[in-house]
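J.: Below are the structure tokens for one structure; questions will follow.
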Amino acid sequence: TALTLLIFYFFILIQAAWSLKTRALTEMVYVDEIDMDEEGIAEMVLDENAIAQVARPGTSLKLPGTSQGGGPSPAVRPVTQSGRPITGFVRPSTQSGRPSTMEQAIKTPRTALTARPITSASGRYVRLGTASMLTNPDGPFINLSRLNLAKYAQKPKLAKALFEYIFHHENDVKNVSNSCVPFSVFVKYHSALDLAALATEHAQFKDWWWKVQIGKCYYRLGLYREAEKQFKSALKQQDMVDTILYLAKVYLRLDQPVTALNVFKQGLDRFPGEVTLICGIARIYEEMNNISSAAEYYKEVLKQDNTHVEAIACIGSNHFYSDQPEIALRFYRRLLQMGVYNCQLFNNLGLCCFYAQQYDMTLSSFERALFLAENQEETADVWYNLGHVAVGIGDLNLAYQCFRLTLVNNNDYAEAYNNLAVLEMRKGHVEQARALLQTASSLAPHMYEPHFNFAILSEKVGDLQRSYTAAQKSEEAFPGHVDTQQLIKQLKQHFAML
Amino acid sequence: MVQSNQDSDISLLNINQGITCLASGVLNPQLGYDCLLVGTQTNLLAYDVYNNSDLFYREVSDGANAIVLGKLGDISSPLAIIGGNCALQGFDYEGNDLFWTVTGDNVRSLALCDFDGDGKTELLVGSEDFDIRVFKEDEILAEMSETETITALSPMYGSRFGYALANGTVGVYDKTARYWRIKSKNHAMSIHAFDLNSDGVCELITGWSNGKVDARSDRTGEVIFKDNFASSIAGVVEGDYRMDGSTQLICCSVDGEVRGYLPGGEELKGNLMDTSAEQDLIRELSQKKQNLLLELRNYEENAKAELNAQLKEADGQRGVIPANTQLQTALSVNLGSDSQSAHVELCISTTNDTIIRAVLIFAEGIFEGESHVVHPSLQNLSGCVRVPLTPPKDVPVDLHIKAFVGYRNSTQFHVFELTRQLPRFSMYALSSPDSATEPLSFVNCTTNERPQRIIMWLNQSFLLPEDAEFQSAPFQVCFTSLRNAGQLCIKIKPGGEISINTDDIDLAGDIIQSMASFLAIEDLQVEADFPAYFEELRKVLVKVDEHHAVNQRLTADMAEHSNLIRSVLVQAEDARLLGDMKHMKTRYIELYDLNRDLINQYKIRCNNHTELLNNLKAVNQAIQRAGRLRVGKPKTQVISACRDAIRSNNFNVLFRIMRVGTASS
């Protein structure tokens, strides 16, 4: 009996060590996946998860152009590719838009910054938060295919550690070519799901944690309705901020922002003042183009947590675009005080200083930004803004050089092409201006400026037909633009006379 | 609802599943506006169209074949009641199921109607076993047997409601009594109650499969309005579609033709048919006149015959028969022979030398097409006609018999009309008690009734060669089923204990229900055991569990596959845009293989799902059967206790409940 006892203890020791190592490996690659989420091209173009195909304005994330909250117009606040005003804080979903065709969707990632993964499963999950591409000289720590999941599911403590390991660490596979990635990724989700299903059965469906995990697996597999069921069931057993956030994410995928807002608001009843929930509400309002409500909720966030970078940045940019650069400057300085020290911040500071007429600080801020730039895209941004400043002070030569430098650093910079074209036009180089504008409009069809400029240019040289088509495109991108409307009216009169 | 796009009048909703039923109405009283309810084979979605948000999304494993929205009985909040495979479920706006019960077969139609006139609505359920059941919350108030699947039900006013059957019958019930019905060779696609002639009483509007729409008076079934569409009617609804404050009747055809009808004005006085209606009336009256003239001529002929009484042999030809001629009918059980299976035999005979030329029997649910004509050939004419009957269900049936009686060479015959009731359990033949083959299954119950009354019930419900008499306390009577030769024993022991031995749980339930209604027993608790049936049920329950597990796996597999397909498709497109044809080809080949796999998997999943559905149906039926063994309160208790047991996956408790009626011993 002494021997059996010894063996028994030995096993317990081994289990403890095993569990510890699993957890350590997981910790190494763990990333909070609530924020780390992006819809892939495939999901976006091929899936129809939304119920309403044409929802009422203000109840859907699909129609960003229909603002209800009275945000600034695109003439004041530039828009992203999706037609949404740019935000003060870059998150995975704030950058890229919803292209209408597959071709457009595939082509867009080629313009560096707006990259979208092919599917959400092969996207950031592989790049972030996984032990991706790391080969272990001794082979994998756990060989998943040999694992008897049913056995582990019986042991709650081991099962949880194992699940997290499979979910986070084994997310990706080693030594496989890129095209095979999705295959193996799904297999891993599958085993994670199997394990979770077995474990929750073992816990007689009473353990909310397992339900959340099953929901997470379903979510990654794209089974949103099943995920919703699991999260709801988990919430019934145990109120958890995490679960609420996941549930809201499901509703956002189903394109039901109002339901997601309700989920958050109900969550706030149970967890009053919870920053992540308020922040979630603000983000949804922002995505729905309801800037004033978004700003209100961001302020609410700051009341609870006055070091919340996202809230400060968003409020700052909102002030900047609503013509209050001095106030925006205060928010950006606050960020600086908190230790945020990067290119983008100095860029913003420079712009704020310029518009607040503190010229002495402007150029030094941009200089600092140039020092801190980590890659060419950031450098391009700084040069572009410098060009803007140069236009502002009337030094067109400097402006010309700045925009050229922007294009040297990033030759996809549609805004720079547009501005350059305007400068060329002033010089009277019509052909060059036209070429630049065409480049700009093909790079960024969502921007109205190149279209409008092109329309004006064509009208001047007497090419009314082209002018009309370009004006129509411009109106499509920004329906409320008065100048475009006037131009179209004028052109129609011309045509009528003919 | 505000239209999202001014250019189009239609906004599309995307459900991603086959839709089986639709309803709209106020589900959440606080919300104050309508929501849309969408039922599919596996789910129910309550959707707020205005805000593009879900109220709830529930999995309903029994499917949703029919849906109705409204208040039920004493439940305070409005419910979305769905009828699935043998199950009824009611959800409030939060998706809580406040109402659950089982019914005999797949539900095809639902309606809410104040059936008993107490100011609260009851639920009418039409199902595939041809029954209309009325539920007062959990409790069954009434059951009406029809002759086909009930495809539509529509409350009219008060306790009156319209119904439509799959065989083209449309009619109106008031409580359990049928007011009228008509049968057409077309199918009724949709029925609706609407006051078209402004007389304050709703008419039954029927849309037919041949494109006809007619409005029939609720009292007589007389057509008061009709219209024709070019194609089959898809649906009939009412609503203020033009937003001018008046409700219209709106009919839509499958081709998409929509017509709206305003109720007729006061000056029409309920007369919607134009001049043609008057012509119809004249035609009808002249036909009546014709008939009367014919009848008169017959009488005159007879009178003439009486005058020439001496011409005896000519009598028969003219159809004169002795005044004391009577038609006798007898029902008996025929155990069958090699050429003929066992059946109930209806023997119709005359009391003298007259013969029966033809017999016309009208009875619901026994014959195909409801009526049966026996027309013996000239050589085989006799004074006695035997008609085999095989009622498929154990329900009492009225046989309306019309017989042509006369002489062999008569040209005119007398018609005898009589009605005979077929007892409920006519398909059971009395047999001698034999303990060896006595069924193991039993139902035991105790009543305070006198045994004589029970014997009375026995005589009324079974076809016994002679009426049974009650002598002393242990009384036993045995039957053999003509359908499957199953045994049935009914024993009455001293102390009022009755035991029914049969392996057929349905039969036992029928007997208990029939006895309880005859003896006017309100509550009856029984002890029952059906070892063979319970064993089968246990197997089914195990299978249901397996199917659920397999289903989860298959769903995950499907999602995995479809994700793969998506990424391969994007990669292929990518290759195409880059002009990399070689890669594109490999990707598309991959895609082709994956697609084939996916289709195969889908087939597997479909099979799994149908099996699961069948098994779930069997479970629901078992609960329903266990309920039918009891009467009144114990019945509802058993049903709800069984559901709890199934929810908690506790099979042993389930069987205990089915045996003794309660969870605790």
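In case you wondered, yes, glycine gets a Cβ from its N, Cα and C as well.
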J.: So which range, B:102-137, B:282-317, B:318-353, B:390-425, gets flagged coiled coil in TrEMBL?
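T.: Matching range for coiled coil: B:282-317.
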J.: So which residues does the domain 'BBS2 C-terminal helix bundle' (B:633-659) touch in its own chain, when a touch means Cβ under 8 Å and the partner is 6 or more beyond its ends?
T.: 100-102, 138-140, 523-529, 534, 537-538, 541, 545, 619, 622-624, 626-627, 665
J.: Given the model, what does the mean pLDDT over the domain 'BBS2 platform' (B:428-519) come out as?
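T.: Computed over the domain 'BBS2 platform' (B:428-519), the mean pLDDT is 83 on the 0 to 100 scale.
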J.: Could you give me the DSSP helix, strand and coil counts for the domain 'BBS2 platform' (B:428-519)?
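T.: Looking at the domain 'BBS2 platform' (B:428-519) with DSSP, the answer is 29 helix, 30 strand, 33 coil.
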